[in-house]
Amino acid sequence: MDVIFCGGGDVRSQEQSPSLRRGMIRCAVTGAGCVASWSGDRRSPAVNPCSVRMPTGNGGGWCGGLRLRAADLAGLEMASLRGGVGGLFRASPRYGRLQATAAVDPEDIPLEKVQVKSSGHVLSYVGVACLGAILFGYHLGVVNGALEYLAKDLGIAENAVLQGWVVSTSLAGATLGSFTGGSLADKFGRTRTFILDAVPLALGAFLSATAQDIRTMIIGRLLAGIGIGISSALVPLYISEISPTEIRGTLGSVNQLFICIGILAALLAGLPLAGNPAWWRTMFGIAVVPSVLLAVGMAFSPESPRWLFQQGKVIQAESAVKRLYGKEMVTEIMYDLRASGQSSSEPEAGWFDLFSKRYWKVVSVGAALFLFQQLAGINAVVYYSTSVFHSAGIASDVAASALVGAANVFGTMIASSLMDKQGRKSLLITSFSGMGASMLLLALSFTWKALAPYSGTLAVVGTVLYVLSFALGAGPVPALLLPEIFASRIRAKAVALSLGMHWVSNFFIGLYFLSVVNKFGINNVYLGFASVCALAVLYIAGNVVETKGRSLEEIERELSVAE
């Protein structure tokens, strides 16, 4: 059954009678009849304009706020205008071609379904979730500046193995946390899992700050690692599920931006260490504050409407939509959720379902993106950045780290502004292409004799360009793209699995990287990274779908494979 809405003023209606299949639409403001026709391409954001004509003799003007829905379509959305009889029409790219004319009385038009501007507070809830991203970056970065001083206090200054455990224990914990985070998010919901996650984050920071021996320090780092592992999967998942379609890319990339801010905050927190060697305890203790704020903030944040609907909690889902987007959007969002089939009777997906024929292809894309991200050499470039800058005459380790961090933040800010304009796929291809070119420049700066007088400068330029290119796509896009391409039934577990791949590859690259460099030389390793970037470009071009400007439900419908 078609339902037609004709707006522009004080509009009331009911469902259209099945007998009204063609004719004229009567404007609620003037009473004049009008005829509407339009077409929209399902796959292209570009939409042909919709014309609405007033028949001769009924007066001039435009009939505003028209909207038609059919049971076999997800809907056709058009902008409504307040006051007067005027309007511009906007067809969503997710809807197929449609041609229709109909006649309906002004009383047949439901006011609550006319699209209006959201009055919700989604940005504030995204900000609360990003506290998890800040803690992610801070816990990863805080040990770099503090390691030398805590090693002296804990009596392990001469024990490189135990120092390595202080660094790597958090990575092991993050791997464990990323795998458990998906199950927790499915079982308890997104917000309650955030509250649970604040416990290891706060306790780990407290134990690290008060540790009197290496055992307590390692336990603290392990707990903090579990916390950041959970948040690494949970933050992009929650943001993607509560963000409006038109700005989901921008808000999703904010996750990576706040991770970078967390790393920079850890760097700045280490500045007083030179004058106060005991300051390292304060550096770890600072992380307790955002952990507590995360728990308190999530206690007052709405649950993901998509998770609630998946659980059959329709009333709670409507309440969450109202808090996120305003009461004006409840009908719209709930219709999309129902159209997506999320209320199906399918049981909750298990871990083995991720490897089934139905889901394996899309799950493998997620895992591959994070594998390419790590194998492309980001950790190696950051690790060697200090020595590269020393070769260029930049003696300050803090200055070198600040330059890399600034390039990362700047690149992520650019990516945030482009995410919903250029799209995820194009940014990934541009990013890996730039990273590959930068790796070639770094390799040449170490090997080409003709460039020897400029090797230091070229190495710095190559390093900064690499980090900038990474921040444009390879850094922020995978965590944003994964929750978008995974079906709601497997979303939390599939994101957790992909993030697990990130942490496992991160751990082993850190473990064996120096051995590989000693055996093959840094220039050959850089060439190897450039080859990985080239492979990544080819893989992305052939396997990654564009998700810009499309709702999660629409993406799910297109990617779903019949069993």
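Every residue gets a Cβ built from N, Cα and C, even glycine.
Some features that TrEMBL has for this protein:
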TRANSMEM  122-140  transmembrane segment
DOMAIN    125-548  domain 'Major facilitator superfamily (MFS) profile'
TRANSMEM  160-182  transmembrane segment
TRANSMEM  194-212  transmembrane segment
TRANSMEM  218-239  transmembrane segment
TRANSMEM  251-273  transmembrane segment
TRANSMEM  279-300  transmembrane segment
TRANSMEM  362-386  transmembrane segment
TRANSMEM  398-415  transmembrane segment
TRANSMEM  427-446  transmembrane segment
TRANSMEM  458-482  transmembrane segment
TRANSMEM  494-514  transmembrane segment
TRANSMEM  526-545  transmembrane segment
Of 122-140, 160-182, 194-212, 362-386, whichever stretch has the most CB pairs under 8 A to the transmembrane segment (279-300): 194-212
The transmembrane segment (526-545) in contact with the transmembrane segment (194-212), cutoff 8 A, at least 3 CB pairs, sep 6+: no
Paired segments the transmembrane segment (458-482) and the transmembrane segment (218-239) in contact, 3+ CB pairs under 8 A: yes
Whether the transmembrane segment (251-273) meets the transmembrane segment (218-239): three or more C-beta pairs under 8 angstroms: yes
Long-range environment of the transmembrane segment (494-514) - Cβ separation under 8 angstroms, sequence gap at least 6: 168, 171-172, 174-175, 178-183, 185, 229, 232-233, 236-237, 351, 354, 359, 362-363, 366-367, 369-371, 373-375, 379-380, 383, 478-479, 482-483, 486
Top partner of the transmembrane segment (194-212) among 160-182, 218-239, 427-446 - counted as Cβ pairs under 8 Å: 218-239
